[in-house]
Amino acid sequence: MESLDVSVVGSINTDLSVFTDVVPSAGETVMGAQFVMGYGGKGANQCVATQFLGSRSAIVSKVGSDCFADRYLKHLNAISVNTEGIIRTDEASTGLALITVQRDRGENRIIVVPGSNMLLTTADVDSAAKAGFLDAGVVLCQLEITAATTLHALKLAHSKGRITVLNPAPSPSKAPGNAELLSEMLKVCDYCCPNETEALQLINISTDRKFSPAEEGCLHNYITCLSWLADCGVRYPIVTMGSEGLIALVPKSSVPEKPTKDVSIEQQIEMKGETKCVVRLKAPHVPTVVDTTGAGDCFVGAFAHFLACHRSIGVVEQLRRAVWIASKSVQKVGTQSSFPKRTELPAAIFGKTVFEWPKL
């Protein structure tokens, strides 16, 4: 197998979206306006985002023996994602998301049928590791497959000295055993990047602390989340905040002496004999926001790409570039269809010097 920059162990879903003016009540039938079949699943989305930017990427996943799997595999092969780690099964359908969108309000109602995603096992991950899939520079996981399988993948990658990234989405439930599994995951994560809601939910799962609606928008509480993640073993905790950018906890030594105007140091924290900085990265202004659906996955995929392929620029610059690319993605409709390709981006974003943001 050729060497890989990024391997994703995660989900593949087909999105079935219906756009309608009226959402039916129980027992009612209405006429829809449009139907769209799209490519989804957080694992596949993030894998595609890395591939579009120039990474040599692969995904380890499980799909059904159905037309949805046929279509998805054809799509991934067409963009040169390594699909040799995708297993097919007769025991469940390919993961599906059934989405109803009310056009005048833009509101959606989603039912996810995880299907074959939940059948990806630790033994499957062992086989993938023997085949070399966990020898990639970066191993990236989410929480749309079983927690036990995700933990196993992270542990194996960590033991091999690979960079491990966890996007803890969707947030795990408070089911028995989940707090323990989450704790074990965080011990073997180099980077953990929840969004604001997920960050607060992670603390609630593990400590029973609850945040009021008024507290959920408070930067101080997100800083608390960063410190908590670091105490759990995460080397670089990150909390993404949509159009507000992100905050991250990084060693003081990794912060540029003269940060760009979109980077600020919120505070310094002494942890285990090391000075760390809470840095805030603003997102660029987007004049017209079309669709934010895929922005989170675009950010994680872009960040994984820069971790794997542009290590010398440092974590703050890697994050800045990922934020800019994710911001650009909201100017187009769709999820994977909104992800920028390398040829659509300024050459400077892949350079070795500080990237000066052009206007979007």
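Numbers here mean position along the shown chain, with the first residue as 1.
Cβ atoms here come from the backbone N, Cα and C positions, even for glycine.
As annotated by TrEMBL, domain 'Carbohydrate kinase PfkB' applies to 5-259, 282-341. Residues or ranges marked as substrate binding site in TrEMBL: ASN13, THR14, ASP15, GLY41, LYS42, GLY43, ALA44, ASN45, GLU144, ASP297. What TrEMBL lists as ATP binding site is ASN195, THR240, MET241, GLY242, SER243, GLU244, GLY245, GLY296, ASP297. Annotation comment: TrEMBL describes ASP291, THR293, SER329, LYS332, GLY334, SER338 as K(+) binding site. Residues annotated as active site, proton acceptor in TrEMBL: ASP297.
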| ASP291 (K(+) binding site) to SER243 (ATP binding site) - Cα separation in whole Å | 12
| query | Do any residues at least six apart in sequence from SER243 (ATP binding site), in the same chain, have a Cβ closer than 8 Å to its Cβ, and if so which, in order? | reply | ALA283, VAL286, VAL289
| note | Of LYS42, ALA44, SER329, LYS332, GLY334, SER338, the binding-site residues lying within 10 angstroms (C-alpha) of ASN195 (ATP binding site) are none
| query | For the recorded substrate site formed by ASN13, THR14, ASP15, GLY41, LYS42, GLY43, ALA44, ASN45, GLU144, ASP297, which further same-chain residues have Cβ atoms within 8 Å of the site's Cβ center? | reply | GLY10, SER11, ILE12, TYR39, GLY40, GLY95, THR335
| query | Which whole-number mean pLDDT does the model give the domain 'Carbohydrate kinase PfkB' (282-341)? | reply | 95
| Which residue, of the binding-site residues ASP15, GLU144, ASP291, ASP297, has its CB surrounded by the fewest other CB atoms within 10 A? | ASP291
| task | Could you round the CA separation between GLY245 (ATP binding site) and SER338 (K(+) binding site) to a whole angstrom and send it over? | result | 19
| task | List only the single closest residue to GLU144 (substrate binding site), chosen from the binding-site residues ASP297, LYS332, GLY334, SER338 by CA-CA distance. | result | ASP297
| binding-site residues MET241, ASP297, SER329, GLY334, SER338: which have a Cα within 10 Å of LYS42 (substrate binding site)? | ASP297
| query | Setting ASP291, THR293, SER329, LYS332, GLY334, SER338 aside, what same-chain residues sit with their Cβ within 8 Å of the center of the Cβ atoms that define the K(+) site, listed in sequence order? | reply | VAL290, THR292, GLY294, ALA295, VAL330, GLN331, VAL333, THR335, SER337, PHE339
| note | Sparsest Cβ environment (other Cβ within 10 Å) among binding-site residues SER329, SER338 belongs to SER338
| Rounded Cα separation (Å) that holds between ASP297 (ATP binding site) and SER329 (K(+) binding site) | 10
| field | Lowest local Cβ density (other Cβ within 10 Å) among binding-site residues: LYS42, LYS332 | value | LYS332
| task | Write down the Cα-Cα distance for ASN13 (substrate binding site) and MET241 (ATP binding site), rounded and given in Å. | result | 25
| Cα-Cα separation of SER338 (K(+) binding site) and ASN13 (substrate binding site), in Å? | 17
